[in-house]
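Chemist: Have a look at this one before I ask anything.
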Amino acid sequence: MPHLLFVCTGNICRSPFAERYASHVADRSAVTDWTFASAGAGAMVGSAMDATMAAELQALGGDPSAFRARSLNRDIIGSADLIVAMETFHRSVVLDDHPNLVRRTFTLGQLARIARDHPAEVHGEELLGRIGAFRQRARDEDDIQDPYRRSAELAHEVAGQISGLLDELVPRLG
């Protein structure tokens, strides 16, 4: 079963939101062959999901319950078929230690841009193969801002950005 790993800094805002929202989208899209997880480059290990982002997730139908932050490590990275970072910095953290994963490590914005360059009927393994072969650089404008300890408005904006991109991408994984 293919496994997608989301990566951010503390693993309490963006990446757990993406993990749980992707699972929600997969359930409603009948994408049953993927699993989703998350980890943080500087994780607040054992912490629950940020309350503001958890509320945003619940408002969209996702479930933040029982989430606990974990730290990015070699085993977690090694288990992933696709690694999706929230910022170019997080992508660099993964690739600095694992340069062989360049064809399966992207920022969320970068992955969405590349997927849009392929017809909608291209999905699943075919889409992943094309994405891995496509040489489009990550851009700073692809980064998703960190809402941690910032305004509820920014959390809402970030939740909308992540959910919008995952609404496009997750159905195409199956």
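Glycine is treated like the rest: Cβ placed from N, Cα and C.
Features from TrEMBL:
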type	residues	note
DOMAIN	2-172	domain 'Phosphotyrosine protein phosphatase I'
ACT_SITE	Cys8	active site, nucleophile
ACT_SITE	Arg14	active site
Chemist: Over all shown protein chains, what is the count of other CB atoms within 10 A of the CB belonging to the residue listed as 'active site'?
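Modeler: By my count, 32.
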Chemist: Tell me the Cβ neighbour count for the residue listed as 'active site, nucleophile', meaning other Cβ atoms within 10 Å of its Cβ, over all protein chains shown.
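Modeler: Other Cβ atoms within 10 Å of the residue listed as 'active site, nucleophile': 30.
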Chemist: In this predicted model, what is the average pLDDT of the domain 'Phosphotyrosine protein phosphatase I' (2-172)?
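Modeler: That stretch averages a pLDDT of 94.
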Chemist: Calculate the distance in Å between the alpha carbons (Cα) of Cys8 (active site, nucleophile) and Arg14 (active site), and round it to a whole number.
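Modeler: Spelling it out, the Cα of Cys8 (active site, nucleophile) and the Cα of Arg14 (active site) are 6 Å apart.
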Chemist: Under a three-state reduction of DSSP output, how is Cys8 (active site, nucleophile) classified: helix, strand, or coil?
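Modeler: Once the DSSP labels are grouped into three classes, Cys8 (active site, nucleophile) ends up as strand.
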